[in-house]
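Listed in Swiss-Prot:
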BINDING   38, 43, 49, 277  [4Fe-4S] cluster 1 binding site
BINDING   64, 68, 71  [4Fe-4S] cluster 2 binding site
DOMAIN    50-266  domain 'Radical SAM core'
């Protein structure tokens, strides 16, 4: 992989301005000691989403047991135990924010016997009990390919089950050394074949993959029962992370979208700043 590129192209320059509900969203999250992937993963869309009064809740703390080389989330072999109040605090925040579509995600917790699956279950149940009309999108980890743990979450029947394959097979060992491409695809397949869930996945580009490799991964997703996909530009969080190989042009993102739709993926979002949960409500089953 090449060294990090010195200058971002114009299409990757954001005008940052906090307005609207930004301050209220930040205060609400801080008061309830809630983590968001928006902040922990250094998402470029944080100000836009928080200003619209939306956020993606990060379960099981903000310390991950894995060291994926693209991710800004902090790591440790044994993070603090999960906050038992988190499910109710998230449910309360959803109610106060008056959300219609809620995105939940989590760090990997390989230190826990069930990978945090029961905590996921409690959170989903708490959110629905307090907000019966809300739709849930769950962006889940792989639970170390433990079917029993995975099924605890799938059995709660979220309206959208999201699991990102993240990248193509040829660089998986570099990007996600503690994960497995086939295992991630099989999560999508199990959610579809055994639970008939609406499924979603995501890819980052600009890490050394080729156009044809991305197209093949889109084929793989379709063959494993994926309904929706997001494709976005990888941005290096720090000097210790994988360097950006190239900046993918908006035109190439449009090509990915065209290919994905031609393969039968019914909801596709493809662009430089696209992230898994960005404008997730517009990719929900009702849209």
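The count begins at 1 with the first shown residue.
Glycine is no exception: its Cβ is also placed from the backbone N, Cα and C atoms.
Other than 64, 68, 71, the residues of this chain whose Cβ falls within 8 Å of the Cβ centroid of the [4Fe-4S] cluster 2 site are, in sequence order, 66, 67, 70, 72, 73, 75, 107, 108.
Its Cβ taken as reference, residue 68 ([4Fe-4S] cluster 2 binding site) is surrounded by 19 other Cβ atoms within 10 Å in the chains shown. When pLDDT values are averaged over the domain 'Radical SAM core' (50-266), the model yields 94. Taking Cβ-Cβ distances under 8 Å and a sequence separation of 6 or more, the neighbours of residue 64 ([4Fe-4S] cluster 2 binding site) in its chain are 71, 73, 74, 75, 76, 79, 107, 108, 109. Other Cβ atoms within 10 Å of the Cβ of residue 71 ([4Fe-4S] cluster 2 binding site) number 22 in total over all chains.
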